[in-house]
Every structure is written in structure tokens, then in C-alpha cells.
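Enquirer: Can you keep this structure in mind? I'll have questions shortly.
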Amino acid sequence: MLDLTKLIDGILKGSAQGVPAHAVGEQAIAAIGLDSSSLPTSDAIFAAVPGTRTHGAQFAGTDNAAKAVAILTDAAGLEVLNEAGETRPVIVVDDVRAVLGAASSSIYGDPSKDFTLIGVTGTSGKTTTSYLLEKGLMEAGHKVGLIGTTGTRIDGEEVPTKLTTPEAPTLQALFARMRDHGVTHVVMEVSSHALSLGRVAGSHFDVAAFTNLSQDHLDFHPTMDDYFDAKALFFRADSPLVADKQVVCVDDSWGQRMASVAADVQTVSTLGQEADFSATDINVSDSGAQSFKINAPSNQSYQVELALPGAFNVANATLAFAAAARVGVDGEAFARGMSKVAVPGRMERIDEGQDFLAVVDYAHKPAAVAAVLDTLRTQIDGRLGVVIGAGGDRDSTKRGPMGQLSAQRADLVIVTDDNPRSEVPATIRAAVTAGAQQGASESERPVEVLEIGDRAEAIRVLVEWAQPGDGIVVAGKGHEVGQLVAGVTHHFDDREEVRAALTEKLNNKLPLTTEEG
């Protein structure tokens with residue numbers, strides 16, 4: 001718990017402007033938050049930041065924010081508060097987000113300094129790498145916290161969260177909760193948004209791990225170079241967010257570039273690049289399970305048995321191993337732990353006794369879609385079909401390439417709705433379909449492209465199409481259990497829909513495939 005005077009003088013330093021005289025005192029501060037409806041205690045500061053439509057200061061008198069003992073805002077927020085006749089202490093800074101991380105960390109007692117913190121960033125593979133780290137660390141005898149896309153866990157207990165990387169106040173409160181539970185290691189996914197917006201500011205990272213970089217989030221980042229620079233905040237020596245140590249997969253040009261700017265880096269490769277950690281002797285079973293050897297510094301090697309299919313998961317596992325090694329985790333135990341990993345909605349097999357392969361995967365960016373389809377092609381003797389869509393209000397430039405790459409690899413591409421959000425679903429589908437048709441024209445094999453807006457129906461058609469020895473994948477939503485359409489989230493789980501369609505097919509209840517387009 002921090003008093004208001006120390007917060008203003010010590011943490012905000014010279015950034016504070018226009019602080020009313022009655023703001024200076026020994027008022028105890030136990031929490032800070034951005035959400036007016038969920039501020040956790042009355043001994044709290046409400047942080048009011050500008051939003052896309054309104055300024056957060058407009059909500060200072062509503063819900064739990066009305067009980068806050070002070071308000072942290074910028075000059076524009078101060079104007080709003082003055083017009084509303086605000087009488088509570090108002091701390092004014094140039095940029096609230098720039099100081100929010102450090103302030104939040106201090107209020108909660110700098111919790112990330114009390115455990116080993118490992119951050120995983122990159123376009124694809126963050127969730128799987130984090131799961132591999134969690135299980136490996138647990139097998140090595142550590143008490144582990146996990147923060148990521150599929151949720152948050154404290155020593156195996158689920159904790160609800162909304163974002164891949166929570167806002168700084170929520171994150172520091174989570175860290176404090178983990179510290180108080182005796183957690184020794186925390187693994188978290190760190191998005192480019194989190195780095196750019198300062199959500200992880202004030203956090204002390206022992207290791208940062210970089211998976212890869214490919215097209216995504218170009219609605220937020222104007223260029224791929226800008227996207228790279230956001231990730232590089234975790235690795236550059238001159239960045240305030242730099243981790244103490246870094247591990248970087250150098251199997252693509254972006255990884256090689258990241259390694260070249262990193263401060264204290266060890267490298268990873270599964271494709272024969274010169275690296276500190278490498279994977280060799282890779283063997284793949286008929287089920288897709290993999291065994292391989294990780295070669296570590298000082299001529300050490302470790303045998304790994306991995307249930308997860310795909311060459312990209314060998315890379316994820318080797319990166320996870322390297323990150324753990326950098327903080328002194330026992331390698332043999334860590335390797336054993338990775339063998340136990342299954343990740344919801346990531347290459348997740350759905351088996352109802354059918355004689356073809358059915359998979360649900362979170363792939364929702366071009367490179368990920370290509371990697372999943374390439375992996376499945378190696379596991380089947382027959383044809384390959386995919387249901388694919390693209391999210392609304394997100395990077396629109398990846399829609400065509402997702403369709404194109406799908407049709408270059410599959411025999412059947414069914415374009416459907418993903419999460420349209422506020423966009424017109426047909427407009428999104430048209431872009432994906434155009435890409436798929438282009439890919440079909442470029443393919444050496446005959447490719448059928450269908451457009452079926454109803455996602456459940458698209459899945460039913462895909463399942464009915466499949467014959468013995470074929471493979472099908474429903475891509476895009478993975479672990480998600482809702483579909484966001486026009487501001488409303490409807491329950492929808494790809495895994496449930498695939499199981500239902502398989503059950504109907506096996507019970508001979510599905511109608512024959514009809515021509516749909």
C-alpha cells in the first residue's frame with residue numbers, strides 16, 4: 001500500500017502537473033484501475049484515459065469510480081473534471097499510460113520482482129509456447145502462474161481475464177495475487193499492443209522469448225517494420241521494457257533481425273540455422289506426435305517426446321526449453337513436462353470414431369493457416385478440406401492471402417463467417433473468397449471453393465464432404481466459445497459443432513451434400 005504523497009513525488013516525479021493542494025497528504029492507496037465499473041476498493045485511484053469515442057474522465061462520477069479517493073488523468077481529462085465540478089484530488093500528467101505501469105506496480109509492491117517472469121511474444125505460437133513453459137516448469141517442481149489468450153491460471157486454478165495481456169493495473173494486481181499465492185515463476189503472452197500501449201511497463205521480465213513474425217495487426221501497426229519495432233521493445237538494450245535475457249527463434253528473417261538488435265540473446269533454430277539451441281533427429285509418428293533432440297550449449301542434449309503435431313510446435317518447444325534454461329531450470333524435468341502438453345483449440349483433434357482426421361485450430365493469420373494446412377497434409381493420404389473466415393474490425397489486408405493460401409493447399413475451401421463484429425459479414429467473406437479463387441487458379445490440383453455464411457452449416461458441409469483417409473480443419477476460432485456479430489456475442493464453439501456434425505454423420509442423419517455457393 002502506497003500513500004498519495006509518495007506516489008506523486010516518487011513515481012510520477014516531474015510528470016505531475018496542476019495537482020490541487022489538497023491532493024498532497026497521507027491518503028493510503030491500495031489499488032488503481034481504468035474501468036469505472038470494477039475499481040476494486042475505495043482506497044483506489046481512478047485512471048482516466050482518452051478513448052476512441054469519449055474520455056474516461058466522463059465516467060469518474062459513475063459506478064465504483066465515484067468512490068475513488070483520487071483521479072489520475074491528462075489535461076483533457078482535467079477539463080472534463082473541472083466542468084463536472086470534481087472536488088477530489090486530481091493528478092495531471094502528460095500521458096497517463098506512460099506512467100500507469102510504474103504507478104500500478106508501485107501500488108501493489110512491485111510484485112514481479114518477487115518471482116521469475118518469462119514473457120513470450122511473436123505473431124504465432126505464443127499460447128503453445130506458454131503452455132509448454134507452464135507444464136515444463138511445473139514438472140521441474142515450480143509453482144507457476146500463466147497469463148494468456150486462453151485465460152489465466154495460478155498454480156492450476158483458472159482466473160477470468162479479458163485480454164491476452166491485461167491492462168497495467170489489472171496485470172499488476174494479478175502479479176500481486178500470484179505473489180501472495182507463493183508462485184515462483186510466471187509465464188505470460190505479451191502482445192504487440194501490450195508493448196506499444198505500455199501494459200507491461202513496470203514489470204520486471206527475467207526472460208523474453210520471440211517466436212516469429214508474419215502479417216497480422218496491420219490495422220494497429222501501419223507497417224511490418226512498425227510491428228517489428230513494437231516487438232523489439234522487449235529486446236533492445238535502450239528500451240525501458242527490455243527483459244534481462246532474451247531467446248529468439250532465428251528460423252525466419254524477422255527472427256534473425258530481432259537477434260541482431262537484442263541485448264543479451266541466445267538463439268534457437270529447428271531448420272539448421274547456426275544457433276545456441278537447436279532441434280535435430282525429428283521423428284513424426286502416424287498420429288502426428290513427435291520425438292526429437294534439443295541440443296543446448298555446453299554440448300548438452302535432451303530427448304523430447306511431444307504430443308503436439310507440426311514442425312512449428314518443434315520450434316515452440318525448443319524456444320520454451322531455451323527460455324527455461326536461461327533461468328536455470330532443470331532440463332530433464334522440463335523436457336518431461338512438455339510431453340504432457342495439450343493446448344485447447346490448437347491442432348485439437350476431434351475424434352468421434354470417424355475414419356478421417358478432424359481438427360480445430362486457432363489459425364487466423366496467413367502464415368498460421370499455411371502452417372496448419374501443410375502439417376495436416378503430411379498426416380493424411382486423402383484429400384484436405386478447410387473452413388476459413390476472417391475477423392471484422394481487424395487487419396483487412398490479410399483476408400485475401402488467407403483465402404489464397406488455403407486454396408493453394410486444400411482440395412475444398414469453405415469460406416464462412418468468423419467474428420464479423422461491426423462489419424457486414426458478406427463483405428469480409430467476399431475478400432476471403434476472392435483470395436481463395438485466386439489460389440484455386442494457381443493450384444495444380446482441382447480446388448472447390450464454396451461460400452457459406454452460416455458457420456455451423458459450413459462445418460456440417462465440410463464434415464459431410466470428408467471420406468475415409470481425408471483430413472478436415474476448422475480454422476480461425478480455436479478455443480473461443482462465442483461468435484461476435486453486430487456487437488452481440490452468441491455462443492459458438494467450433495469443437496462442439498464439429499462433434500455434432502460428426503455424430504450426425506456417423507448416425508447417417510446428415511443429408512447428402514448439396515451444391516452451395
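Note that Cβ sites are derived from N, Cα and C of the backbone, with glycine treated the same way.
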Enquirer: Which range, 126-129, 398-401, 418-421, does Swiss-Prot list as motif 'Meso-diaminopimelate recognition motif'?
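Expert: That would be 418-421, per the motif 'Meso-diaminopimelate recognition motif' entry in Swiss-Prot.
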Enquirer: For the meso-2,6-diaminopimelate site that Swiss-Prot describes with ASP418, ASN419, PRO420, ARG421, GLY476, GLU480, which of these is also annotated: ARG383, ARG394, ARG445, ARG499?
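Expert: The candidate from ARG383, ARG394, ARG445, ARG499 that Swiss-Prot ties to meso-2,6-diaminopimelate along with ASP418, ASN419, PRO420, ARG421, GLY476, GLU480 is ARG394.
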Enquirer: Cα-Cα, whole number of Å: SER124 (ATP binding site) versus GLY476 (meso-2,6-diaminopimelate binding site)?
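Expert: Each residue's Cα considered, SER124 (ATP binding site) and GLY476 (meso-2,6-diaminopimelate binding site) end up 13 Å apart.
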Enquirer: Indicate whether LYS126 (ATP binding site) is helix, strand or coil by DSSP.
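Expert: LYS126 (ATP binding site) sits in a helix per DSSP.
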Enquirer: Within the chain of PRO420 (meso-2,6-diaminopimelate binding site), which residues six or more apart in sequence place their C-beta under 8 angstroms from its C-beta?
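Expert: Sequence-distant Cβ neighbours: GLY391, GLY392, ILE428, LEU484, VAL485, ALA486.
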Enquirer: Which one of these binding-site residues has the most other Cβ atoms within 10 Å of its own Cβ: ASP418, GLU480?
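Expert: Of the binding-site residues ASP418, GLU480, the most buried by Cβ count within 10 Å is ASP418.
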Enquirer: Find the shortest Cα-Cα separation between THR127 (ATP binding site) and the binding-site residues ARG394, ASP418, GLY476, and name the residue that gives it.
Expert: GLY476
Enquirer: Within 10 Å of the Cβ of GLY125 (ATP binding site), how many other Cβ atoms are there?
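Expert: The Cβ of GLY125 (ATP binding site) has 27 Cβ neighbours within 10 Å.
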Enquirer: Within the same chain, and leaving aside ARG394, ASP418, ASN419, PRO420, ARG421, GLY476, GLU480, name every residue whose CB is within 8 angstroms of the centroid of the CB atoms belonging to the recorded meso-2,6-diaminopimelate site, in sequence order.
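Expert: Going along the sequence, the neighbours come out as HIS364, GLY389, ALA390, GLY391, GLY392, ASP417, LYS477, GLN483, LEU484.
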